[in-house]
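Here's the structure, in structure tokens; my notes come after.
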Ligand code: NA
Ligand code: NA
């Protein structure tokens, strides 16, 4: 069962990443791209957890946590730039 | 039985993540696109995390609960990300309107 | 020892005149210099006696066999003759110079240079070692450079000195090559040893190149055609310098060298044709041109060239008697030419000019000087009863026996006579045009007077010598000549007699013809001058030389700019081209396949997706490179995919690090973006873009090929050791971390040092910098009004403790699971930066006022101290220790020095990131304040 | 108490989070987590100068339960909207007047709005009186406003007593 | 184990960090610390050279792990010589900087010791990746030092330097990666053995990585097509910095020498290519330096060209792969380092007096204090152009003698031709700077001997190297022999004597 | 997989180099970043592509797959950190250059692009 579910889930996330990237390329505005990037970060978090299950390894948890954290920081920074230019004024 | 449950959550998670991204890809403007990732994707992650908890919890080194941390974190930050993106888009749109006027 | 003292005395004593000048005015320096010269002359007497006794004094010490450098001095007859000339005439010139030099001139410096030159010259003639001779040789070039350029306010002096140095210095380099070659042939550089090896050397295939190189050195120094042109220009030197260097000593160094190496090099066809030919050409060329100089010293300079040519020709003729004649003429020319230069200097001194067109009739103003000068000029012309006559007579005689030339043998005597004719003519001009020929016209100093008596004294002595030698050669010069010529040839001298009267011989006829022809020529000078002006349009060698040098320099500049043109793009392209060659050339030249024997592993869909995304994002970054903001987004995607790749191939530590670094980098880029100019960049030219694309493709392919080549080959690495020893020896299950803090902890220490210095460098770069904020196209003109967003700042404040908790978690588990000090430091830094982004850097700083620089310093110091701590236990730097402690209640606890090491790393990294971001953040604050203050 | 334990609630949360993070109830971790939970707030308290006051913390639990349920529903709704024909969507911006005195409450409401069906918070007016919401598919904007005020704002007012 | 080997690394590191702790306000203390560090380094380096002089290889196993697994430091005669050269150079440079240049930007007294740390580390390490790390340390310090003082010219030159070296670092990693991927080791001694024993189908890849390393080291050394950053950088940096940088190119040369003798000896497939390539590159670089010197319009550019020329000369010696060639290069190395540094230091007081002319080689009013400055310049010029009697001449002599004719024809031609061009360039420069029409305007003249002391010290080193030529040559000859028998190095690193046998 | 790895490195290097050759400081910085990604990946790959290798000793019970080569990972880690410092430095240097030279052209002049 798992042997089927995991690849399927992986495929879903992979497809999601591709779709995100497509949005990132298309834009049209900078906000669209930030959104796409942010979603990629979130999907990657999912992917890492999934990989952990797939390879039966719990060590990827920290990486997933960190991706979530860093994705958030990146999004904040990019948006802040659009809003104020100087992100740490 | 457990495998089934895990698979269920995995598939739910994967599906919702995909749906969120589909929304991002196909909805017509930024504000509508925002809805996909903020909700669907978040839930997608939730599903996968539950699956992970079940999976690793079932193994012999004790319950696996630290996935809750990621869930909490994502639920805290995703709305802010959405808020900021919307805020930025609003600002840019206003700017353009201002220019046009 | 005496010989060393003789050489070193002037050299070591040379600073004295300059020093005494500072203390005791004008007279002290010359007295010092004269005293030194006189003592040197006294020192020369015992070895002179030894030379006469047939047992030359010598000293030889081995010094630097690797460089072939030994110390060797030897004073045989030839050397003794030159030493006497150098020191004797030097003393006279010193006396003369004292009166010649005006008060304003830095006399001390002059005498110092003079002594250096004198010492170097003595060194040249006494050296018993080729390379040591060369050392002194170059020293004469250098000191003459300083002496010629002594009046450096005048352009001619500066340029003349530079030209002289260039020519003689260049010749010196050729000479160096020649000497080295000679040494290579003979296996020794010792001259006295070489003198016996002439046959061996002349038979060696490298003989001709060595000869040519040595002759180049000799000819440039002795102003032989076509290297003669520096000598007239060196007349910009003060006249004592000309009298000393350009008549008696330095220019004689070249002919000395020919004499010295005569037994080694002479006696072959190349020698005969090159030396003889060049000598003959120079003889004629100098004699002809001397006649047309209006400058007194110019006339003397060309005459010197001509006489040097004569001596060289004599050495080229290559018979023992010719050699004797050559040595004899060296002596004679030194005496009469030195006195003539001094006379010319007196005239210059008293009239303020050296132009013969203005100087006339000085007989009426300074008869004593005139008389002396006329006698010397007559000697120069070869008038009987004067020394010049004798050696010229011998010269004429020798030109008659050139059987080697076959049918053309008659030409040489003819040419010699012709040169004699011109010599008589220019001597006649010197006498008539200066001392007679009516009244002086428009002299700067009028009326001219006799010089001070003691200024004339050296001239009197030298002219007296001309007369004595000319009249009673046998009583005066004969023993010296025999000694010198004998030691030069190294064989018994043939019979010859130094007599005024040999009967009516062909040489006498030639002399008479020259005298009569010369006077006639001078009488008809008007027509000849007109002819000369037509034929020899006045070309200034100096101007030509300068132009040539300037052109050369300009060409050098162009060549230099061909590679280093100040364009970074070109420099990068060159580096890349070199690399591309470095990769492709071996690959193309080796038959073996680039693909190795290892079987390939299969691709899965996820990896493929990640790789495709990574490549696409990279290409997107290129496609968008003019839209800076968008590039950042693309770059983030690449970074994210790299993280994924690290996870995919089992490197969680790398993934964590890459992630944290990635975000901080993006933050920095965004911060920097704010300050970059608004204007987007223009596109570059299509051909250039295509070239760059090709270069990029080639480089990319090269890297790809290397990857492919490596990955398809079997692998046997030292990794097994780490895997085996990590837990038992390093106390950690996370091998990567154990490598970082233990096996290769030294790298880590270096790495945080790099980080620390980068941060400090950044702080230094931003010091005193103020930038206008620029923006990027597509991004608004106006910023939003809201400085801080409530939603964000509130949440981030709540998240801070959580993030720090995570950081501590990473730190504590690092040794056994992914994490470690580096990641902990980065995560906590990011947590604090998040506060800055949400609430402003000023606010954040208010809440927490730690100094980041001390943090960095302590971090590095803790890390280093952990390493050094192992010394206490007698182990090498960075030896780790770990142990398990059982605590009540808590349980077993692992304590490792690696933890302390990692703590230092964490502190340093945290401090570095915070320092960088804070400095950059403050930039805008400060600039805003400056702008406000300015407005 | 206040000096050594400035934020008891935060400390408790941190302690729990530490145990979550390490997935261990070993005495060593209990102790270490406790130490950290005590030490970290000492440092971070400076970053929270105006500490939020939660009047009735226990009421948070039912609120969160409602929220979790709504999130699940939201996803199903949004999934249908996303996968359905885009032309049928009726997106709109809606201004939600706020009546909350606490910043934390406002932030929580913003979060709630963003996580629940078809709405995303887009802009909070600087005076914190109006929240601009973007809704994916709006029938009646007044009804939506009333719904949000009733279902989320009211409990929040109770919790934060404002 | 001989803990002295850590001294050249730890002393500057600790000094730098103490200075960082002292902060910007306590300049006096910082100077004191830097000075103590430099003096200590000099003393320690001389002690280390004394150790190395015995001919024994000193291997320091960091972390007490066996080679080839962890990092080792290796002290042989070559390292000893270069350590001493660096320390000898550093002290006068520091003295000069303490005349005020150190305050013209932030953190000078942190950057300076770190620069020395990087250089010393590069000379001592026996591990290829650790060499990369030390390269980065010396580079990052040099970036900041090059930019110390600011100003458009410095920043432009610095930007080019930084970007090029970042590319160089990437290429270094590419080469290291290839070598590791093929041989599975990073220890240079181990690498030497594994490269020699590599299967033939790896020859092409190994050769490629060797050549990429050559590009990397060549970029640092400033060989022909890779030198374009050098004149601008050295021409714009502050005098003490430019002087210190005289040794930076030698780090590149050192790395080439090490790689060419240890990793890729000329008998092997990789080394064969290197040995064929090196002499050509050397002569081209030599000529480039000479041409650059002739074309230079500023004194500092001229001296920078002399640096390029010196690299060419060094490689010309090294490229022969004979004991006499190595020995010539190794004698020439400290000479040229110290003399060019002295000239850089001298350019400062000369250019400083000429107002707007600065150090441009145009005729202007003659420089004040012509006696002292002129004498020093003359010494520098004579030594720099390789004229007798100073050390440059001896170096040139050693080099020429190491390549007898007719094989050495090209070398002789290029070396002597370059000498001529240099002679012309230096005499033109000297006469334009020191000789000229006297103008009444008073130019500010530096007073006292203090500002000229560092330059005097450096140029006096040339004199000292002349006087002490015989012992120095004996040392360099021994060094050359040691380099030509890499077996000893490899054995010392990989097969240590049983414990208790050696210190 | 080997081909994919080689291809990825090649593309990243190509893109990085092309950007390096642009005349603007910002492009150069981005190019350097791409180049350093490529080099880090390459260095990482030299430990070979062991997709299923466990990263830690004893991280999973009964794992018979060989452990990944940890040495390249440690090297890459060092390289990443150093690369970060260098990128930060060159970025700030670009700012300084803009301040001193008034332009973000790498040669500090606008005449040629
Ligand atoms: Na006249
Ligand atoms: Na250890």
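Yeah, the Cβs are placed from backbone N, Cα and C, and that goes for glycine too.
Unlike curated entries, TrEMBL annotations are predicted automatically.
The domain 'NADH:quinone oxidoreductase/Mrp antiporter transmembrane' annotation in TrEMBL covers E:126-422.
Residues annotated as transmembrane segment in TrEMBL: E:6-23 (among others).
Residues annotated as transmembrane segment in TrEMBL: E:32-53 (among others).
What TrEMBL lists as transmembrane segment is E:65-94 (among others). Residues of the same chain lying 6 or more positions beyond the ends of the transmembrane segment (E:65-94) and with a Cβ under 8 Å from any Cβ of it are 2, 5-6, 8, 34-35, 38-39, 41-42, 44-46, 48-53, 55, 57-59, 112, 116, 119-120, 123-127, 130, 185-187, 189-191, 240-241, 243-244, 246-247, 250, 254, 257-258, 330, 333-334, 337-338, 341-342, 345, 453-455, 457-458, 461, 475-476, 478-479, 482-483, 489, 492-494, 496.
The annotation transmembrane segment is assigned in TrEMBL to E:106-123 (among others). Residues 8-9, 11-13, 15-17, 19-20, 24, 27, 30-31, 33-34, 37-38, 41, 78-79, 82-83, 86-87, 90, 94, 97, 130-131, 133-142, 144-145, 148, 244, 247-248, 251, 254-255 of the same chain lie 6 or more positions beyond the ends of the transmembrane segment (E:106-123) yet place their CB under 8 Å from a CB of it.
Residues or ranges marked as transmembrane segment in TrEMBL: E:129-147 (among others). Within the same chain, residues 71, 105, 107-108, 111-112, 114-115, 117-119, 121-122, 154-155, 157-158, 161-162, 165, 169, 172-173, 176, 180, 186, 188, 220, 233, 236-237, 241, 244-245, 248, 251, 255 sit at least 6 positions outside the transmembrane segment (E:129-147) and bring their C-beta atoms closer than 8 Å to a C-beta of that stretch.
Under 8 Å from some Cβ of the transmembrane segment (E:159-182) lie the Cβ atoms of residues 128-129, 132, 135-136, 139, 142-143, 146, 191, 195, 198, 202, 205-206, 208-210, 212-213, 215-216, 219-220, 228-229, 232-233, all in the same chain and six or more residues away from its ends. The transmembrane segment annotation in TrEMBL covers E:159-182 (among others).
What TrEMBL records for E:202-221 (among others) is transmembrane segment.
Within its own chain, the transmembrane segment (E:233-256) is flanked in space by residues 78, 82, 85-86, 89-90, 92-94, 96-97, 101, 104, 112, 115, 119, 122-123, 131, 135, 138, 142, 145-146, 148-149, 151, 153-154, 156-158, 160-161, 213-214, 217-223, 278, 298, 300-301, 303-304, 307-308, 310-311, 314-315, 318, 333, 336-338, 340-342, 344-345, 347-348, 454, 458, which lie at least six positions past its ends and keep a Cβ under 8 Å from the stretch. What TrEMBL lists as transmembrane segment is E:233-256 (among others).
Positions annotated as transmembrane segment by TrEMBL: E:276-295 (among others). With a cut-off of 8 Å between Cβ atoms, the residues of this chain six or more beyond the transmembrane segment (E:276-295) that come close are 211, 214, 218, 222-224, 227, 231, 256, 260, 301-302, 304-316, 318-320, 410-411, 414-415, 417-419, 421-422, 424-426.
The feature transmembrane segment is assigned by TrEMBL to E:302-323 (among others).
The annotation transmembrane segment is assigned in TrEMBL to E:410-431 (among others).
As annotated by TrEMBL, transmembrane segment applies to E:452-472 (among others).
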